[in-house]
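J.: Before we start, here is the structure in question, set down as structure tokens.
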Amino acid sequence: MFTSVAGWTVRNRWSVVAAWAVALVSCVVLAGMFGGDSITNFADDERTESGRALATLNAAAGGSAADEARVVVATDPSMPGGVRNPIVRTEVDALRDLITTIDPDTRMADLYAAEVTNDTAISPDATVGYTTVTVPARSDSERADLVAEIKDAAAQFDVPDTRVNFAGDWFAEQAPAGMGEAIGIGLAMIILLIAFGTLVAAGLPLLTALFGVGVGASVLLLLQNVVDTPNFAVSLTVMLGIGVGIDYALLILTRFRAALADGTSVPDAVVAAMDTAGRSVAFAGATVTIAIAGLLTQGGVIGPTMTLAGCAGVLAVMLAALTLLPALLAIIGTRVNKLAIPGLRTRPGTDGALALRWSQTVQRHPWGGVLVALAILIVLSIPVLDLRLGFGDAGNRPAEDTTRIAYDDLARGFGDGANGPLFLVTELPDGAADTERVQTLAASLESTSGVAAVSPPIPLGRVDGNPVTMLTVTPTTGPQELATLDLIHHIRDTVVPQSGLPVELTGVAVGGNDFAELTLSRLPLMIAVVLICSFVLLALAFRSIVIPTKAIVMNLLSLGAAFGVIVAVFQWGWGMELIGVGKVGPTEAWVPIVLFAVAFGLAMDYEVFLVSRIRERYLATGDATGSVTEGLAKTARVITAAAAIMVCVFASFVFFDDRGLKAMGLGLATAVFIDATVVRMLLVPATMEILGRYNWYWPSWLARVPSLDGVHRSAHEPDVLAAVPARADVH
């Protein structure tokens, strides 16, 4: 099939390129005109108590808490009267009027209103006050513009020793759009120049990946009209698409250049590259897609949307590598080696000596290699024992961010718990009797250890004909502290049952805890699905049950190391300032599940690239030791370049403002780096040397099971990626 498709692409190369150009332009234009908005409250899952409580709260109140943010006014202790100072009051009132002038539908509550509500408050020492600004539903771009205008209005607030800041996700400082992607692409281009030595060859993988990413991300933006997707979904699509797309194109281009160096004609070189590397790319892309599809087991919003985001990026760039790239290669032909960079140009087939010597060294001391690799992986995995899931908040942002300043001011004025109040929502079908029970519940909460304050019951409206009432509980501790989680469990397990009311809890801390518990409860199923599917695919591809078993164990070890690095940075604070993390906190609850699926799939890519080469030589010679030596030598340069590109692309995402994307980028970069070095270049050759022919053990009772052996069949030997001579020529 690959030969036929490649031949057709070569014959219709201009039509293929034109079709991709039309598809890219059309998708980008349509996405710009009709792209949907993302959501930030993806963790408000109605499968959890907090999600159901929030739904009841919003239905009763006729709106969504997501439409509100806080304006926090703080003064130095030296300011007479604090925020009640007449000068401060005049400026705050002027700001309220100015915001209404900017947008008549936007309302800022009166900080100095006589009526006491949950919308405003002034601290006991009057140094901090907050009020609520309510913004009507808007598109993402319209809301961003409005927030920018409100910030500009607040910048006109000019009272000595007084500051105005905002608490709310909308107001968080954002890095320039595309900065992370630009850094990753720039670093990838440098690596490609070093790997290929010519501008034309270096530019082709990048161009192919950008075409695929442009189409994939645009399709996802259009689908946001009908599917709720988290606000980081498109970034994930771009992250995966760029990294995977460049790697896939790199593999095919390397085969093509090597075939040309052997004297093969351009059309035959394209077909040869697609019939060998193209097969590996298709299989690798399918493997990554299946691993990402394991996220479907999570259900809710996060499972399907993250599957959609990941698959959109991977499938689009895979399709570009299998169709657009061969068409471009057929057009460019031998000019692929033009515009050489002085001192960098490399000849295909001349490298690999270093990898050959390394492989021989590892194979001479296989048990030493295994012990060193395991020691590295185990040490890096130790922090995983302290893994705690939840969600970061403004307290984790850099100290100069307006939302972080507001967070700290609220904590100073009202206590740490003011940044994460608990909301108790209950329906009162029995009227007066239930009202009395609510008063009793409030009194019980006030006497509960760990509670700083309890608001008077606030009637909200009706749901299904029943009046709904809310109590606001302010803990003494912050939303990310373990003591707050203990308080949540105590209220749920002890205080609420004693009230006899159908009370449900929600709030930032409650929602994060509930989502983390839901995620963990479904994690075993997801892991089982991914592992089983990966085992079956590799077993069918390599006709071995040892290879997939070994691959799964090694992938889990490298993932453990990646999780360990995340915990060390984001929970322990090691080097957090280097990537713009303001304060330690729990690991974002969605990161482990997405990281597991994506990183596991990418690790399988490298397994396919390396082991398929080893098996090719083993089938040809029957030499277990020699096949490992030459397989590693032939793939080392490609795997190293591919891994370096992925590491740079993924690591560049630490420049994003979103804490979860920072963790995701760091985790993926770590996983790929460890997998391509410690695992693929040390642990794999060492264990394969130890196992010898047992690597290819296939029980006789499985003899009739269909094979996917063709995914790495090389119909165009001699080896076009060969970096070393045949085994007989080595010694």
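Glycine residues also receive a Cβ, built from the backbone N, Cα and C atoms like all the rest.
Please treat TrEMBL annotations as automatic predictions, because they have not gone through curation.
Worth saying up front: this structure is predicted, and the values here are computed from it rather than measured.
Pasting the relevant annotations from TrEMBL:
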type	residues	note
TRANSMEM	14-34	transmembrane segment
DOMAIN	47-366	domain 'Membrane transport protein MMPL'
TRANSMEM	187-220	transmembrane segment
TRANSMEM	232-253	transmembrane segment
TRANSMEM	281-301	transmembrane segment
TRANSMEM	307-332	transmembrane segment
TRANSMEM	367-385	transmembrane segment
DOMAIN	430-700	domain 'Membrane transport protein MMPL'
TRANSMEM	523-542	transmembrane segment
TRANSMEM	554-574	transmembrane segment
TRANSMEM	589-609	transmembrane segment
TRANSMEM	638-656	transmembrane segment
TRANSMEM	662-683	transmembrane segment
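How buried are these features, and what lies next to them?
T.: Counting same-chain residues at least six beyond the ends of the transmembrane segment (14-34), those with a Cβ under 8 angstroms from any Cβ of the stretch are 211, 214-215, 217-219, 221-222, 225, 320, 323-324, 327-328, 331.
Listed as Cβ neighbours of the transmembrane segment (187-220) (distance under 8 Å, sequence separation of 6 or more from its ends, same chain) are residues 20, 23-24, 27-28, 30-31, 35, 229, 233-234, 237-238, 241-242, 244-250, 253, 257, 308-309, 312-313, 315-321, 324-325, 328-329, 332, 335-341, 344-346, 637, 641, 644-645, 648-649, 652.
Remote same-chain residues near the transmembrane segment (281-301) are listed as 2, 39, 42, 45, 47, 228-230, 244, 248, 251-252, 307, 310-311, 314-315, 318, 321-322, 518-519, 522, 525-527, 529-530, 533-534, 537, 541, 593-594, 597-598, 600-602, 604-605, 608-609, 708, 711-712 (criterion: CB distance under 8 Å, separation of at least six residues from the stretch ends).
Away from its own ends, the transmembrane segment (307-332) comes close to residues 5-6, 9-10, 12-14, 16-17, 20, 200, 204-205, 207-209, 211-213, 215-217, 219-220, 223, 227, 229, 233-234, 236-242, 244-245, 248-249, 252-253, 256, 266-267, 269-270, 273-274, 278, 281-282, 285, 288-289, 292-293, 295-296, 594, 597-598 of its chain (Cβ-Cβ under 8 Å, at least six residues beyond either end).
Under 8 Å from some Cβ of the transmembrane segment (523-542) lie the Cβ atoms of residues 283, 286-287, 290-291, 294-295, 297-298, 548-549, 551-552, 592-593, 596-597, 600, 604, 607-608, 611-612, 615, 696, 705-709, 711-712, all in the same chain and six or more residues away from its ends.
Through the fold, the transmembrane segment (554-574) approaches residues 374, 376-378, 380-384, 386-388, 581, 583-587, 591-592, 595-596, 599-600, 603-604, 607, 659, 662-663, 666-668, 670-671, 674-675, 678-679, 683-684, 687 of its own chain, all at least 6 residues removed from its boundaries and within a Cβ separation under 8 Å.
Within its own chain, the transmembrane segment (589-609) has Cβ neighbours under 8 Å at 42-43, 230, 236, 240, 244, 247, 251, 280, 283-284, 287-292, 294-295, 298, 302, 306, 310, 387, 389-391, 512, 515-516, 519, 523, 526-527, 530, 534, 537-538, 541, 547, 551, 554-555, 558-559, 562-563, 566, 635, 638-639, 642-643, 646, 660, 663-664, 667-668, 671-672, 675-676, 679-680, 684, 711-712, counting only residues six or more beyond its boundaries.
Taking Cβ pairs closer than 8 Å, the transmembrane segment (662-683) reaches residues 180, 236, 239, 243, 358, 362, 369-370, 372-374, 376-377, 380, 554-555, 557-559, 561-563, 565-566, 569-570, 579-581, 587-588, 591, 594-595, 598-599, 602-603, 606-607, 610, 632, 636, 639-640, 642-643, 646-648, 650-654, 656 in its own chain, all 6 or more past its ends.
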J.: If I take every residue in the domain 'Membrane transport protein MMPL' (430-700) and average their pLDDT values, what number comes out?
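T.: The average pLDDT of the model in the domain 'Membrane transport protein MMPL' (430-700) works out to 87.
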